[in-house]
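Structure, as structure tokens:
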């Protein structure tokens, strides 16, 4: 009867890495990993803050920079110039059929 395998102990049953208990870290290693996580979060936050700040200043600086080429209302020379340009354009029209 010695040839029959004995029932494995619970520790032997947990042979896959998924079921094995995780190794406990030393306090120094745990502090180091916590510090690393804090540094990564801080760098990401500062990067996002700087990008938002740059976008804000860019939008503030370029506010109202849209330029139109239309004459201001009330300028008679500009209105006269527009009328003469349209008259010249009518003289040079060609129609192809």
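Using the three backbone atoms N, Cα and C, a Cβ is placed for every residue, glycine included.
Among the features that Swiss-Prot reports, topological domain 'Extracellular' is placed at 1-36. Residues or ranges marked as O-linked glycosylation site in Swiss-Prot (evidence: sequence analysis): 7, 9, 15, 16, 24, 26. Taken from Swiss-Prot, the feature transmembrane segment covers 37-57, and the record attributes it to sequence analysis. Positions annotated as topological domain 'Cytoplasmic' by Swiss-Prot, on the basis of sequence analysis: 58-97.
Each residue contributes its Cα atom, and for residue 26 (O-linked glycosylation site) and residue 9 (O-linked glycosylation site) those atoms are 28 Å apart.
Of the recorded residues, residue 24 (O-linked glycosylation site) and residue 7 (O-linked glycosylation site) place their C-alpha atoms 28 Å from one another. Neighbours of residue 7 (O-linked glycosylation site), defined as other CB atoms within 10 A of its CB across all chains, total 8.
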